[in-house]
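My structure is below; once you've seen it, I'll send some questions.
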Amino acid sequence: MPRPILATIHLAALSHNLARVRTAAPDAKVWAVVKANAYGHGIERVFDALRSADGFALLDLDEARRLRALDWRGPILLLEGCFEARDLELCSRLGLWHTIHCQEQIDMLAAHKTQLPHRVFLKMNTGMNRLGFTPERFRAAWIRLNALPQVDEISLMQHFPDADGPKGITAQLQAFDAVTHDLPGERTLSNSAAILRHTGALAGRSDWVRPGIVLYGSAPDFPEHSASDWELQPTMTLSSRIIGLQTLAAGDTVGYGSSFVAEGPMRIGVVACGYADGYPRHCPTGTPVLVNGVRTRMVGRVSMDMITVDLTPVPRAGMGSEVTLWGRASKGGAMLPIDEVARAAGTVGYELMCAVAPRVPVAVD
């Protein structure tokens, strides 16, 4: 019998979340962001649920090949562009759109011999300070690209660093508009947080939106808002079962380092899930879990293959009882948002999704 841990991908939730994006940005086309193997969900698994998107955005050519192998004939955007000159030929063959964010990429394109001109997104650095041309250098980059016979169409893009917080998007929008107001081409401005939080300010200004984490049911501005506040549904459940039981007396300790000390008599359950499965090792005592749909807590340190949970709130739990590490319990409708587990671990839901280990079996419902 296989180990009882399981990741379950909820396709109906993916479709629901995509529809939620369209409600928030009704006039925009949608790039469904499927980088990092669709945030750990698997490109092949999520494709049917997201195929009503107008395009897919991702990072590397292998992911693009996989989409084309699924018979996707629509737009695909390489969010970081091409890393080597030889990638440009494959972009042509696969019909990919790609980002231009530095002078070296323009140089590669200028030296490229092709019969199929490229569609590119020229990226402005409006304050994120990762990729893109500064506002002062953006127009010169656009002029040079526009003169290249290798370029068919130039669209414009930028990325908001603070759309999820109090700083907002005003400064970035002003910087972008000041430089691009008279330039032709479609715009893509909005990430997940901007789509949900700045609907009014961006209405009619972003021809394409780029939802990422919202498609996968996590709130981009947690804990200010939860996923349910935004009417998002969780798309991944990580579940397991109790494989061992212990009864503790006051003063007994649990796990490596004896970091948890029982204050009184209690029962604990040993769960088949550990950091080798992608569960964060730095989750502390108190991290929420569900046992048979009832909320309780993890106690002690996370081991490679096991965690231990407090069964005090679930006196009927025993061997084989279901444990929901995040997502939906199988019965009763109980939910444990991935964002709550991530906050306990000092990280974000994105990381937990992407970190689920290959040894964890995956089911699709």
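Residue 1 is the first one shown; counting continues down the chain.
Cβ from N, Cα, C; glycine included.
It should be emphasised that the depicted structure is a prediction, and the values quoted were computed from it without experimental measurement.
So Swiss-Prot lists these for the protein:
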{"type": "ACT_SITE", "residues": "LYS35", "note": "active site, proton acceptor"}
{"type": "MOD_RES", "residues": "LYS35", "note": "N6-(pyridoxal phosphate)lysine"}
{"type": "BINDING", "residues": "ARG130, MET304", "note": "substrate binding site"}
{"type": "ACT_SITE", "residues": "TYR256", "note": "active site, proton acceptor"}
Any idea what the Cα distance is from MET304 (substrate binding site) over to TYR256 (active site, proton acceptor), rounded to a whole Å?
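For MET304 (substrate binding site) versus TYR256 (active site, proton acceptor), the Cα atoms are 11 Å apart.
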Taking the Cβ of TYR256 (active site, proton acceptor) as reference, which residues of that chain separated by at least 6 in sequence fall under 8 Å from it?
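The list for TYR256 (active site, proton acceptor) reads GLY300, ARG301, SER303, given in order along the sequence.
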Far apart in sequence but close in space: which same-chain residues, 6 or more away, have a Cβ under 8 Å from ARG130 (substrate binding site)?
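In sequence order, the residues whose Cβ lies under 8 Å from that of ARG130 (substrate binding site) (at least 6 apart) are HIS159.
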Within the chain of LYS35 (active site, proton acceptor), which residues six or more apart in sequence place their C-beta under 8 angstroms from its C-beta?
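Result: ALA57, LEU58, LEU59, GLU63, LEU79, GLY212.
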Mind giving me a neighbour count for MET304 (substrate binding site)? Other Cβ atoms within 10 Å of its Cβ, every protein chain shown.
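Taking all protein chains shown, MET304 (substrate binding site) has 10 Cβ neighbours within 10 Å.
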Reduced to three states, what secondary structure does DSSP give LYS35 (active site, proton acceptor)?
helix
